[in-house]
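Q: The structure's right below; bear with me while I get my questions together.
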Ligand SMILES: Cc1cc2nc3c(=O)[nH]c(=O)nc-3n(C[C@H](O)[C@H](O)[C@H](O)COP(=O)(O)OP(=O)(O)OC[C@H]3O[C@@H](n4cnc5c(N)ncnc54)[C@H](O)[C@@H]3O)c2cc1C
Ligand SMILES: NC(=O)c1ccc[n+]([C@@H]2O[C@H](COP(=O)([O-])OP(=O)(O)OC[C@H]3O[C@@H](n4cnc5c(N)ncnc54)[C@H](O)[C@@H]3O)[C@@H](O)[C@H]2O)c1
């Protein structure tokens, strides 16, 4: 057997953490990296997940705003709101143009970093040895960054046979579903539900738990559901799916059992959004000494080291919270290890901020109110309607609210949640205050420009 080709670092999967590692090791440290990618150069985010879905959401919000044109004196352009029909090929082309631009950027970055990009499916054939496209590679460091994929639950009778859409296919759909049925009321389900409703589809979301977005506080979910259902999305909760029949793209029927009462929902398309599974099977991981967890994520410690010497795992496949910015932070942790100065604590106690990109956005960081109550953590609460964030008045939509949890005995911020227009933009200043461990009063004492969204934080933090 010939000996493997040597690289300083070999990365399987070109997701967020992996590509930044290659770009940085190559451009800043002069290291020679190889990155192996089977389909989506740069990973899910720029190709089939975050960025294309947000591009779509923006197209949908233009359609939504167009229907409101009369309230801005533009009624003569829109005879009747229902007359606005979206040619779905156009948002599709807009998305493709964006992705093409992002790919140019990626190719340029790999070139600048002198990274060898190898297209193919990477598989371990021995400790630190990987086979791909008829080649055999090894390196000082190996990084597994293979991500996750949408779960299509084969235990639901008829679901697989109905050929449901996942987030990948729906982003390429060039027709508007007359009725889109969405299984799962989590991030993917709700973002697409509102977007497709805004494009003009009838939309039904079916969620198995008693609430959508099960992790969030009840008051937040109630307010968000009010906004989304107010636009015409139907949400069915506490629902068990008994059976799916028919075919997505033609006619599909879902039998739903809610507390023993069975109903049949008929739609034109069905989208699965019921969670994700790690891409860790058939890769020779365990044979190479890389153990998996019960959920089939790669088992890692706080420095993202696997059970095999010199092999790291990063991003979704390592069970890090499923967000691109978290995968990016995994890159920082691994880089700190590869450059000889491991980040103290690694991934322990890092912030996990999130934004659900519905309109209105749901932004969160730190402790939720129900989590504090469940854990018996005492807190003081500041809560303020978005109407008191005066910027929202200028934008004509003041729905939603924000709340902040502060220590009962001290002044540190424990958690922050906001539901409102552009709420995601409020996070960094709160995150910084939390990270520095400074008093919430430092935020309420800031001079913040009037009338920006951030200005509302002064009132919110004063209300504690
Ligand atoms: C619809 C949708 C919208 C989302 N929106 C957001 C958002 O707005 N903000 C946010 O922060 N997060 C969002 N996420 C989550 C985010 O996309 C993921 O958390 C992120 O992409 C994970 O990155 P990663 O580094 O783990 O790898 P990934 O981006 O998953 O990349 C892994 C890569 O590995 C490749 N691969 C797998 N196996 C092999 C193999 N054996 N050989 C070679 N290559 C392989 C895959 O093709 C893929 O390109 C969204 C997810 C979805 C589904
Ligand atoms: N804006 C963002 O940052 C963003 C957007 C999309 C996805 N993501 C990431 O991707 C992850 C995956 O998203 P997702 O929406 O696929 O998963 P999710 O875990 O967020 O939500 C899945 C939902 O499906 C429900 N469910 C599960 N099985 C079901 C069944 N049989 N019938 C009905 N409902 C069922 C769950 O109770 C849950 O509410 C997210 O958790 C998030 O981390 C992030």
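Even glycines carry a Cβ here, placed using N, Cα and C.
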Q: Please state which member of 161, 169, 207, 210 TrEMBL lists alongside 184, 185, 186, 187, 188, 189, 190, 191, 275 for binding NAD(+).
A: 207
Q: Within 10 Å of its Cβ, which one of these recorded positions (54, 450) has the largest number of other Cβ atoms?
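A: By the 10 Å Cβ neighbour count, 54 comes out on top.
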Q: Which residues, same chain and not among 184, 185, 186, 187, 188, 189, 190, 191, 207, 275, have a CB within 8 angstroms of the centroid of the CB atoms at the recorded NAD(+) site?
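A: Everything else in range on the chain: 182, 193, 205, 212, 213, 273, 274.
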Q: On the 0 to 100 pLDDT scale, where does the domain 'FAD/NAD(P)-binding' (7-326) sit on average?
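A: When the pLDDT values over the domain 'FAD/NAD(P)-binding' (7-326) are averaged, the result is 97.
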Q: Non-local Cβ contacts of residue 188 (NAD(+) binding site) (under 8 Å, 6 or more apart, same chain)?
A: 53, 150, 167, 273
Q: Report the largest Cα to Cα distance, in Å and rounded to a whole number, among the residues 54, 122, 316 that the record lists as binding FAD.
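A: So the binding residues stretch over 30 Å, Cα to Cα.
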Q: At its widest, how many Å does the recorded NAD(+) site span between Cα atoms of 184, 185, 186, 187, 188, 189, 190, 191, 207, 275?
A: 14
Q: Looking only at DSSP and grouping its letters into three states, which state does residue 54 (FAD binding site) belong to?
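A: Assignment for residue 54 (FAD binding site) reads helix.
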Q: For the C-alpha pair, I'd like the distance in angstrom between residue 184 (NAD(+) binding site) and residue 54 (FAD binding site), rounded off.
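A: Each residue's Cα considered, residue 184 (NAD(+) binding site) and residue 54 (FAD binding site) end up 19 Å apart.
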